[in-house]
Amino acid sequence: MKTILAVETSCDETAVAIVNSEKQVLAQEILSQTEHKKRGGVIPEIASRAHMEHLSSLIKNSIEKSNLNFCNLDATAATSGPGLIGGLIVGTMMAKAIAHVTQKPFIAVNHLEAHVLVIRLLYEVKFPFLVLLISGGHCQFLIAQNVGKYIKLGETLDDSLGEAFDKVARMLGLSYPGGPLIEKLAKKGNGTRFKLPRAMRKRPGCNFSFSGIKTAVKNLVQELEMSEQDVCDVCASFQECISEILLDRVKNAVIMAESLNIKINDFVVTGGVAANNFLRKKLKKHINLNILFPPINLCTDNAVMVGWTGIEILQKDYIDSLNFAPRPRWELGSY
């Protein structure tokens, strides 16, 4: 049995977890930074300072809750990219320091791969499987062939889906982060009132574009008085639009996988936007695949997914040097 202490500091969550190869989460700690809410978005310098301030205490708490000590660890892991470079440096250097002192391996984890592989902590998902990764920084279709081996089928040509949610929320006068607020207000809205553009829909391939939707919402905000009901209707119409785009793109992704002679049994939807229950229900209803979502708390950034990915990497004997440098940009599959 292997046990890993994992650190996640790629954006505005400071998180630590201890996970073992028996799929047990022995401890998990997470601190969400609230400072960014009043500023309308994540301020990188503030985020990295908060990581420096809180990371040590979260590690201490995790060790105590797990009833282990550092000598019981088989490795340390940290999200080392992609993400905000300041936070990546804080987390990576801390994990390296523990690895050096304990003379145990250090594993640099790709944040995107952690989102993809966490599903294998929860379910018996075998490679290959289809992935829709929708988060604050990324929006792409992948075929996960193995640990460290991925085929990218399509991606956003402009904003990520998470960015689109946040920018639309800002136009509507909602606070950051926008996704949960849009979902909440949409429940009181009419999703058929506004016909927003379904960009790329019915086109071949499975790339995305969300810039036209943002422009359409901006025009609505300028045209309407934006009563409380107007805001709710825009939120509902926006979510309805996004769901139709995703459904169209999923069908194309399956066709592309089949053209590569890859049989897909499982379809995994992951990343922060996968926490949206409206989108979950739409995909479950209309997609004829075994569709799997991580629980809400493992869709958003967390260290459990980093720890489990570290376990998967360790089992493949992919060990990183202590000279590994954090990568603010890091494509999947590029070890």
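Every residue, even glycine, has its Cβ placed from backbone N, Cα and C.
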Exercise. According to Swiss-Prot, L133, I134, S135, G136, G137, G179, N276 bind substrate; which one of D166, D266 is listed for that same site?
Worked result: D166
Seminar exercise, completed: Checking Swiss-Prot, the member of D233, D248, D301 that binds Fe cation with H111, H115 is D301
Seminar exercise, completed: Between the C-alpha atoms of G137 (substrate binding site) and H115 (Fe cation binding site), the distance in angstrom, to the nearest integer, is 12
Exercise. Just how many other Cβ atoms lie inside 10 Å of the Cβ on L133 (substrate binding site)?
Worked result: 27
Problem set entry | Reduced DSSP assignment, L133 (substrate binding site) | strand
Seminar exercise, completed: Out of G136, G137, G179, the listed binding-site residues, fewest other Cβ atoms within 10 Å surround the Cβ of G137
